[in-house]
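Q: Before I ask anything, here is the structure I am working with.
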């Protein structure tokens, strides 16, 4: 068996990336954003092709991400922020609801969304993970944007003339 294998493509040239950052836990979000922007640059994404917006907190990420996805101006989106456990049930609500919104937007629109919302127990944990998560989200966004483009169906009138992955020889089955 010799399967067709799509390898990860981390070339960000020509990609348009939208970033939504929650301002709650500002220091963490800023560290994530800086690392994310640096990594996008290393991957070849032009800074003019990146839009950054901020929202009050993690629960508001979904609204901004949805609007950006609906614009179809972006190849991928990135959500950044931090939810740090407190003494109430609020942590679970915010963590679960923000993650669900982010996933739903990606699935409903087909626009990849890298979820960089840290859910941690302490400020120290958030600080230790912020830069790494920001850079990771840049890589995820670029890879998934390229994968989505590679998996996009081609529009052609004569499918029998091309050599697409899904074309098989007619062996009478």
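One-based numbering along the chain as shown.
Placement of Cβ uses the backbone N, Cα and C atoms for every residue, glycine included.
According to Swiss-Prot, the protein carries these features:
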ACT_SITE  90  active site, proton donor
BINDING   24, 58, 59, 60, 82, 83, 84, 115  5-amino-6-(D-ribitylamino)uracil binding site
BINDING   87, 88, 129  (2S)-2-hydroxy-3-oxobutyl phosphate binding site
COMPBIAS  152-173  compositional bias 'Acidic residues'
REGION    150-173  region 'Disordered'
Q: In sequence order, which same-chain residues at least six apart have a C-beta under 8 angstroms from residue 129 ((2S)-2-hydroxy-3-oxobutyl phosphate binding site)?
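A: Within the chain, residue 129 ((2S)-2-hydroxy-3-oxobutyl phosphate binding site) has Cβ neighbours under 8 Å at 118, 120.
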Q: Let me know the DSSP-derived helix, strand or coil state of residue 60 (5-amino-6-(D-ribitylamino)uracil binding site), please.
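A: For residue 60 (5-amino-6-(D-ribitylamino)uracil binding site) - judged by DSSP and reduced to three states - the answer is helix.
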Q: May I ask which of the recorded positions 87, 88, 90 is closest to residue 59 (5-amino-6-(D-ribitylamino)uracil binding site) if we compare their C-alpha atoms?
A: 90
Q: Compute the C-alpha separation of residue 88 ((2S)-2-hydroxy-3-oxobutyl phosphate binding site) from residue 60 (5-amino-6-(D-ribitylamino)uracil binding site), stating it in Å without decimals.
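A: Distance between the two Cα atoms comes out at 20 Å.
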Q: Pick from 88, 115: which of these binding-site residues has the biggest number of other Cβ atoms within 10 Å of its Cβ?
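A: Buried the deepest by this measure is 115.
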Q: Let me check the 10 A CB neighbour count of residue 87 ((2S)-2-hydroxy-3-oxobutyl phosphate binding site). How many other CB atoms are there?
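A: Result for residue 87 ((2S)-2-hydroxy-3-oxobutyl phosphate binding site): 6 other Cβ atoms within 10 Å.
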Q: For residue 60 (5-amino-6-(D-ribitylamino)uracil binding site) and residue 87 ((2S)-2-hydroxy-3-oxobutyl phosphate binding site), what Cα-Cα distance in Å is obtained after rounding to a whole number?
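A: Rounded to a whole number, the Cα-Cα distance is 22 Å.
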Q: Note down the number of other Cβ atoms within 10 Å of the Cβ of residue 84 (5-amino-6-(D-ribitylamino)uracil binding site), including every protein chain shown.
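A: The answer is 18 other Cβ atoms.
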Q: Look up residue 84 (5-amino-6-(D-ribitylamino)uracil binding site) in the DSSP assignment and reduce it to helix, strand or coil.
A: strand
Q: Give me the count of other Cβ atoms within 10 A of the Cβ belonging to residue 58 (5-amino-6-(D-ribitylamino)uracil binding site).
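A: There are 26 such Cβ atoms around residue 58 (5-amino-6-(D-ribitylamino)uracil binding site).
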